[in-house]
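**Student:** First, the structure itself, so that you have it in front of you.
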DNA sequence: TAGATTGTTAATCGATTAACAATC
DNA sequence: TAGATTGTTAATCGATTAACAATC
């Protein structure tokens, strides 16, 4: 195993990738760490340090070849492949995610959406039809599913995770406000927490 | 100005608050930092340290009074008040946020939703009707608006922010994948970034 | 070559954790 | 009192940044 990548670096890789995409679209052939940093509001030495965890991609005196670095980042992050995603929970958040073009653009394909509420089953969400959660075993037999989005009520979350783990899911994006007990990678997204952080900042006059 | 509160502490305050709510619902009168920490998957000394930035809320040998600490956290975070929120952008994400009960429960009231696309104007989103963005000046005259949710396309984001700042907004929750140039507090939420972090973890077998 | 920018080291800064005296 | 748990200090750990030799 190579040396450990710090968490914040992982978070920034996606930012770099997006930035490189932009630069490429703008027709910029070579870019310096200073320019990337400026666009992202960070330090150039941080950009260079972060990239150095994965190799030497730049030319001294010149900078980074936009296209090349973009491709390297694709390999590193794993966005050079398509990911099959299912959404569990066809409420507000689940539906929005299933419909979200931004995800598709980044090669995360939502191929199924499930709910435990029979009254939601059969409903159309974009090109998808809501299936009952009990159909999930069957779905896994017929499809390759790598990532699951958890958009179910808090009290159902752990049970769903146990099931997904058993079915061999590779990772979970969790919108339920609970700490999940599982061994597979989880990314927690908590929207109300963002609002609370914001209200805290407003009250304290931060930034 | 009192001593600076580290960012990670701010993030955790919301977690503590939610945890205290649960404990209170469960009828637990006193709770030790150890118990809170366990539920959140962190260290008890971190809980105590974090709280110590704001005062001394516990009794040695006993722990924290659940209800009392909950109330203190309410004051600190600022969730003891109601916040008026508007949503800019009535696409997938904007609509989901406007409809989201989780926010209302936490006293963030969405009181308006706007879009620049005339074909969306008039559409019903929950109890709200989509207004055209040009009506926003008028809206600010008639309502107290504290927080704006930015759910517009990337290229429109900065222009909207400039307008909101001019109108005196106090904070922004930003779903657009851009670094906003502004002096008011911003919380960035980037859903595709969470997916990218996850795919990175999956590829690298992390966690 | 002269100028620019990398990759990396070392210094700094900041956050977490262990440990423990204070005290309920 | 004996046991438990706080609040806080000091040690550790980890991340950011400045600085600079290497080199395009």
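Every residue gets a Cβ built from N, Cα and C, even glycine.
The DNA-binding region annotation in TrEMBL covers A:15-54. TrEMBL lists A:89, A:90, A:91, A:92, A:93, A:94 with the feature NAD(+) binding site. Annotation comment: TrEMBL describes A:78-179 as domain 'CoA-binding'.
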**Student:** Fewest other C-beta atoms within 10 angstroms of its own C-beta: which of the binding-site residues A:89, A:91, A:94 fits that?
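**Tutor:** Output over binding-site residues A:89, A:91, A:94: least Cβ neighbours within 10 Å is A:91.
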**Student:** Taking 10 A as the limit, how many CB atoms besides its own sit near the CB of residue A:90 (NAD(+) binding site)?
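**Tutor:** Step by step: centre on the Cβ of residue A:90 (NAD(+) binding site), count other Cβ atoms within 10 Å, giving 25.
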**Student:** Can you work out the mean pLDDT of the predicted model over the DNA-binding region (A:15-54)?
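**Tutor:** PLDDT averaged over the stretch: 96.
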**Student:** Sort the residues of the domain 'CoA-binding' (A:78-179) into helix, strand and coil with DSSP and give the three counts.
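**Tutor:** The breakdown for the domain 'CoA-binding' (A:78-179) reads 37 helix, 29 strand, 36 coil.
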**Student:** Including all protein chains displayed, how many Cβ atoms other than that of residue A:93 (NAD(+) binding site) lie within 10 Å of its Cβ?
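**Tutor:** For residue A:93 (NAD(+) binding site), the count of other Cβ atoms within 10 Å is 25.
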**Student:** What subset of the binding-site residues A:90, A:91, A:92, A:93, A:94 has a Cβ positioned less than 8 Å from a Cβ of chain B?
**Tutor:** A:92, A:93
**Student:** For a quick check of packing: other C-beta atoms within 10 Å of the C-beta of residue A:92 (NAD(+) binding site), how many?
**Tutor:** 18
